[in-house]
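Over in TrEMBL, the protein carries these features:
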type: DOMAIN; residues: 6-71; note: domain 'J'
type: ZN_FING; residues: 132-210; note: zinc finger
type: DOMAIN; residues: 132-210; note: domain 'CR-type'
type: BINDING; residues: 145, 148, 198, 201; note: Zn(2+) 1 binding site
type: BINDING; residues: 162, 165, 184, 187; note: Zn(2+) 2 binding site
Ligand SMILES: [Zn+2]
Ligand SMILES: [Zn+2]
């Protein structure tokens with residue numbers, strides 16, 4: 001952990017330097033290598049720790065004398081001022097704070113705990129799913145508190161090391177044969193506790209804020225499609241990075257179309273004369289276009305006709321699915337006297353050959369009755 005550099009060298013002082021010289025050297029060096037001034041720089045952090053360690057020893061005449069005589073060995077393996085005895089090297093943050101107070105606006109950074117991901121359910125029309133669109137949604141999100149800049153500490157105050165876990169963020173407990181390490185219940189793993197919580201956020205470092213977020217919905221989204229908006233979830237506790245926002249898409253029921261992936265279905269009732277004689281019907285597409293669909297002569301109810309490439313667009317891809325039209329032959333119910341007369345006339349001309357399915361069916365039924373009476 002600590003750099004194996006001579007303490008005087010670390011502080012750039014002579015071995016004969018007096019207390020005042022050591023103190024001002026420490027101030028200068030600690031400011032230069034403070035982690036807040038060198039974010040992400042592991043070398044600077046290691047040096048900062050080493051400087052604190054050095055000054056912790058050299059500021060104490062007894063420890064300094066021991067160091068001058070034996071070097072670092074004086075403090076190892078149960079030597080004086082070891083860890084866990086309250087006043088060892090691990091306390092360097094305390095001496096730093098006693099020097100500089102809140103000069104850097106807070107204590108040391110702990111490993112980030114990302115904020116929670118959020119879910120937002122959004123229903124759009126099939127037309128919007130077809131074209132894609134941008135829309136603005138408003139959600140209440142736990143966001144970083146401006147007053148304390150996410151630290152949770154009242155502005156102008158800092159935090160101190162947690163007494164329970166000694167700043168480790170974890171405590172150990174004996175459970176049967178095992179020693180179990182768990183998150184410290186006092187500081188919730190931060191290793192620090194806030195002495196004077198921020199009024200606005202109550203020490204949470206986060207407050208609920210109504211956020212307006214612009215969402216781009218790509219063409220072809222379907223029921224259950226998730227759209228991820230990075231960094232728009234909840235702010236992390238105490239200034240940690242935010243989670244992500246997931247928008248779950250729902251598609252409203254459509255008057256005309258049903259959907260299965262990129263395929264669109266619609267039912268088209270046609271008159272029995274069109275079914276018998278053939279013809280053409282006009283079917284709308286989801287984009288408002290019109291498709292003229294040819295009905296072949298003699299089409300049956302339930303038959304499906306397909307218009308290729310007239311369905312929904314492929315999400316994040318090319319091309320479109322098909323539009324499938326299911327034919328329903330409608331039996332007329334409001335015939336005029338004249339129409340009935342024409343149909344009776346038509347019936348007289350029927351031979352049974354016109355409707356092979358009915359004929360086949362009744363032939364089978366006749367055979368069935370014959371079998372029974374044999
Ligand atoms: Zn706050
Ligand atoms: Zn703790």
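Including glycine, each Cβ sits where the backbone N, Cα and C put it.
Those TrEMBL annotations? Automatic predictions, nothing curated.
All features noted in TrEMBL, drawn onto the structure.
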residue: 145; record: Zn(2+) 1 binding site; Cβ contacts under 8 Å, 6 or more apart: 152, 198, 200, 201, 204, 205, 206, 207
residue: 148; record: Zn(2+) 1 binding site; Cβ contacts under 8 Å, 6 or more apart: 154, 155, 198, 200, 201, 205
residue: 162; record: Zn(2+) 2 binding site; Cβ contacts under 8 Å, 6 or more apart: 169, 184, 186, 187, 190, 191, 192, 193
residue: 165; record: Zn(2+) 2 binding site; Cβ contacts under 8 Å, 6 or more apart: 171, 184, 186, 187, 191
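Around the Cβ of residue 201 (Zn(2+) 1 binding site), the number of neighbouring Cβ atoms within 10 Å comes to 22.
In terms of DSSP secondary structure, the domain 'CR-type' (132-210) contains 0 helix, 37 strand, 42 coil. Note on the domain 'J' (6-71): mean pLDDT across this stretch is 86.
Listed in chain order, the extra residues whose Cβ falls within 8 Å of the Cβ center of the Zn(2+) 1 site residues 145, 148, 198, 201 are 146, 147, 149, 150, 151, 152, 153, 154, 197, 199, 200, 202, 203, 204, 205, 206, 207.
Surrounding the centroid of the Cβ atoms of 162, 165, 184, 187, where the record places Zn(2+) 2, the chain contributes additional residues within 8 Å, namely 163, 164, 166, 167, 168, 169, 170, 171, 185, 186, 188, 189, 190, 191, 192, 193. For ligand 2, the nearby binding-site residues are 165, 184, 187; that is, of 148, 165, 184, 187, these have a C-beta under 6 Å from one of its atoms. Checking the binding-site residues 162, 165, 184, 187 against ligand 1, not one has its Cβ under 6 Å from it.
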